[in-house]
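Annotation source TrEMBL lists domain 'Immunoglobulin V-set' at 23-109. Per TrEMBL, the feature signal peptide maps to 1-21. Taken from TrEMBL, the feature transmembrane segment applies to 132-152.
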Amino acid sequence: MFHSFVFCFLSFWCVVVFCKGMKTVSVMEGDSVTLQTNVTEIQKEDLLMWKFGAEKSLIAEINAEARRFNTYDVPDERFRDRLQLDHQTGSLTITNIRTEHTGHYEVIISGKTVTEYRFSVMVYGTAHVNPVLISTVATGSLLTIAVVWIFCICKRLRKTAEEVQSCEEQVTYADPTYCNQNSPKTVR
């Protein structure tokens, strides 16, 4: 918990102090993320360069004049077969993203003017869940529900039985037709 708080605080501080103008993107591990260039169409004279990390390693490049569209990998091969470059807009898509792809990305678009966009990508890992643990918890939960249900039924039946047995009065039944008749007189 403490480490999460420190991480969030430092991330916020980094964004506020150092990364003014940087767009922060959060994504779950295994998903895809597209970093948009805000360009509707690349012009003939445009040159786009996507860079990653503190070393600013070149990971993708578009040379519109030469009609060259390339993606590159960094030395540790973390981007192998994961980068896709949109030939019309220059946007970069990272597929099946992993926590090792967390970091700073930037694109420099050189043409009639030079434009630069920066992105801070945070990849949140999924917790590894043991399937045996899931089935054990599910079984335990169902068993607990069944026990509580049976207990409630037994309690209700016991309460009903107590109500029936709690009557201690004697009730005498008489036919109302004979109640008000005069009893026969005895002759002596």
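Positions of Cβ are set from backbone N, Cα and C atoms, glycine also.
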Can you break down the domain 'Immunoglobulin V-set' (23-109) into helix, strand and coil residue counts using DSSP?
3 helix, 39 strand, 45 coil
Tell me, what is the mean pLDDT of the domain 'Immunoglobulin V-set' (23-109)?
90
Same chain only, please: residues at least 6 beyond the ends of the transmembrane segment (132-152) with a C-beta under 8 Å from a C-beta of the stretch. Say none if there are none.
none
